[in-house]
Amino acid sequence: MRFLVSGGGTGGHIYPALAIARGLKNRYPGAEILYMGTSNGMEADIVPAEGFPFTGISASGLERKLSPRNLLALWQAVRGFCQAVEIIGRWRPEAVIGTGGYVCGPVVLAAVLKRIPTLIHEQNALPGVTNRILSRFASRVAITFADSLKYFPDQSKVRLTGLPVRPEILQADRKTGLQKLGIKEGRFFLLSFGGSRGARSINGAMLTVIKAFAGNPDVEILHATGKAGYQKFLDGCRAAGIELDKIGNVTVKEYIYNMQDALAAADLVVSRAGAATLAELTALGIPSILVPYPYASENHQEFNARALEKEGAALVILDRQLNGGLLSRTITELINDRARLQAMAAASRKMGKNRALEDIIDCIDELIRSKRRHF
């Protein structure tokens, strides 16, 4: 069996596509996967490194204002569509899967033209422009948040599957996580991070939080600054009189490589509101304080965060409102109100979709079986 997978532009589109590709390989032993993206996008480097064949087509994003660049983008879309039609005609996949990004436009439309079943997956609560358009033509739409449903005209083809979560996250457990981190059972463990590159606003607020809890025997803090903000954060600690090597209950790192252990052990998380992060938090039932990245396209991180807030799984502090005092008070209130924290954890767990990958593959399998019945 052959499958074509597409998604590009950002890791938020690429990694779900790769997860689905692996899921297809597991479900259909011997299946061949071809990944189609843009030759100059992140996917051109990431996908081959993950062991999947990659082919590039022409595609670029439209600007939201009138611009000469949009003429070039339209030309590239037409060219990319023709390239996709030729490649799909040659490859003849059983199904085509798109996870978003402008490259998916020509790929999915080419598959529709060739009468090949198509599934698109939307990671965010506010669907991207490409997926909103493609939903009119795709055979099936898989969504991560129930809040997304209202944005798709034909809701009969929409399935709430969730976002695939890394197996190591799903397999992690609290006791092992605490042991690996060297944290005593019974201590309140606060985990904070701002994504792989860190977040300046969260770093700034966490300085105040660390100062407030420095030396507290009942609270343990692990904060990841991101590479760019690491030295500045250490300098800020010194300027604030925080001696990290002496206070004993705070660990500061550039990046957390064993995130599965940190998440499994966490009682509370402070983070941005990217779809992958929220899928991991809800898979493990972790309550959170979310600070959406304010410059995400169409402000989609705030929509993601509000979806958790609405269900009682998270508190939301907007980036422009964030300061050390507010964050410190909010954390203290939650530490002192364990009933509320437990209710947030239960709400988070209820939102978790631990079978997301299996459910997405089931949708694809359903499309394949349906096509075979009709031909």
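Using the three backbone atoms N, Cα and C, a Cβ is placed for every residue, glycine included.
Some features that Swiss-Prot has for this protein:
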type	residues	note
BINDING	Thr10, Gly11, Gly12, Asn124, Arg166, Ser196, Ile256, Gln301	UDP-N-acetyl-alpha-D-glucosamine binding site
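Each of the binding-site residues Thr10, Asn124, Ser196, Gln301 was scored by the other Cβ atoms within 10 Å of its Cβ; the lowest score goes to Ser196. The binding-site residues Gly11, Gly12 differ in how many other CB atoms lie within 10 Å of their CB, and the one with the most is Gly12. Pairwise Cα distances among Thr10, Gly11, Gly12, Asn124, Arg166, Ser196, Ile256, Gln301, which the record gives as the binders of UDP-N-acetyl-alpha-D-glucosamine, peak at 24 Å. Other Cβ atoms within 10 Å of the Cβ of Arg166 (UDP-N-acetyl-alpha-D-glucosamine binding site) number 17 in total over all chains.
Other Cβ atoms within 10 Å of the Cβ of Ile256 (UDP-N-acetyl-alpha-D-glucosamine binding site), summed over all protein chains shown, number 18. In the three-state DSSP scheme, Arg166 (UDP-N-acetyl-alpha-D-glucosamine binding site) is classed as coil.
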